[in-house]
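A short write-up of the structure that comes next.
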Amino acid sequence: MAYNGLVIRSTGSWYDVRDADGHIFQGRLKGKFKIKGLKVTNPIAVGDRVTFEVEDKAENTAIISDIAPRENYIIRQSVHKTAHGHILAANIDQAILLATLTLPRTSLGFIDRFLVSAESFRISTKVIFNKADILNDEGLAYQQEIMDMYERIGYQCLSTSATEGVGVDEFRQLLDHKVTLLSGHSGVGKSSLVNAIAPDLNLRTNEVSTFANKGVHTTTFAEMFELAPNTYIIDTPGIKELGLIDTSKEEISHYFPEMRERLNQCRFHNCLHINEPGCAIKDAVAEGEIAESRYLSYLSMVEGGDNRR
Ligand code: GDP
Ligand code: ZN
């Protein structure tokens, strides 16, 4: 008999599959799965909806026979860089990027690269600035400026302090009834914030002193945690940056919403917004309508080489 399940953990050869009653089976694949038009090293990822049959009831093993079409998915690296990507997770409702302006400092460049990746995967993103408690008045004013800047572009922002319990209820509401990819540098407080709303889960928290130790996380597999009914977070330990879906230089500005809406005002349809005459993007930067930091992030992505074909 075939059942439907949700993949909540993957080790590469085994998949933890949760059925409708919350029972978890260790699943294996039957035969080879090929995904059309996508070169990936793993056929199934966390968040995949699958069909399976129970293999051994006592051992809780199962055979996965089918994967439902994906709403979306995220990959670890640019597909054309190595020709093969690694699917981290599928069927994500939203991403939340957790950032801190200090200890550790999340750069605006990092935030922008994350937002561009998420746009390319068609995943809406919210940005949370944690550790508000350690900012002085000047720091708080700067954080507000940054939040206003991202809100104007359309990214909802929230200021929190996991340790002081500030913004924790709002965080819980953002997650409610969604599958959320929770990302951010190690040490920004992801575990602390999740523990604040779901203490039973007891995610391991890192001391700040360990985040410099890049060897701590070696896994490249995502994990999915159920916080409440139909409320999941996906954690991708050790993953520094997401990839981009196959993107050319010309396409990068499409993933900046404030540029996307002005693209048809540039004189040249293939304008790269670097030194072309009649460029609406450069005009908007000069007039302060597009943030300088966003434009600099754009330039580094176009000129950086990483995303070139
Ligand atoms: P993760 O690596 O993103 O999961 O970060 P952790 O949750 O492990 O937090 C890293 C360190 O930052 C721990 O020592 C936490 O106690 C501390 N921390 C987390 N949130 C806050 C906060 O809002 N304010 C302050 N001052 N420290 C925090
Ligand atoms: Zn232009």
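Each Cβ is built from the backbone N, Cα and C atoms, and glycine gets one as well.
Nobody curates TrEMBL annotations by hand; they come from automatic prediction.
Under the heading GTP binding site, TrEMBL lists Asn130, Lys131, Ala132, Asp133, Gly184, His185, Ser186, Gly187, Val188, Gly189, Lys190, Ser191, Ser192. DSSP assigns Asn130 (GTP binding site) to coil in the three-state reduction, placing it in neither a helix nor a strand. Within 10 Å of the C-beta atom of Asn130 (GTP binding site) sit 26 other C-beta atoms, taking all shown protein chains into account.
According to DSSP, Cys271 (Zn(2+) binding site) sits in a coil region rather than a helix or strand. For Cys271 (Zn(2+) binding site), the same-chain residues lying six or more positions away in sequence with a CB closer than 8 A to its CB are Leu263, Gly278, Cys279, Ile281. Sequence annotations record features per position, and here TrEMBL assigns Zn(2+) binding site to Cys266, Cys271, His273, Cys279.
Under the heading domain 'CP-type G', TrEMBL lists 80-242.
Under the heading domain 'EngC GTPase', TrEMBL lists 90-240.
Asn130 (GTP binding site) sits 38 Å from Cys266 (Zn(2+) binding site), counting Cα to Cα. Secondary structure at Lys190 (GTP binding site), as computed by DSSP, is helix. A simple Cβ count within 10 Å picks out one of the binding-site residues Ala132, Val188, Cys279 as the most packed, and that one is Val188. Proximity to ligand 1 (Cβ under 6 Å from any of its atoms) holds for these binding-site residues out of Ala132, Val188, Cys266, Cys271, His273, Cys279: Val188.
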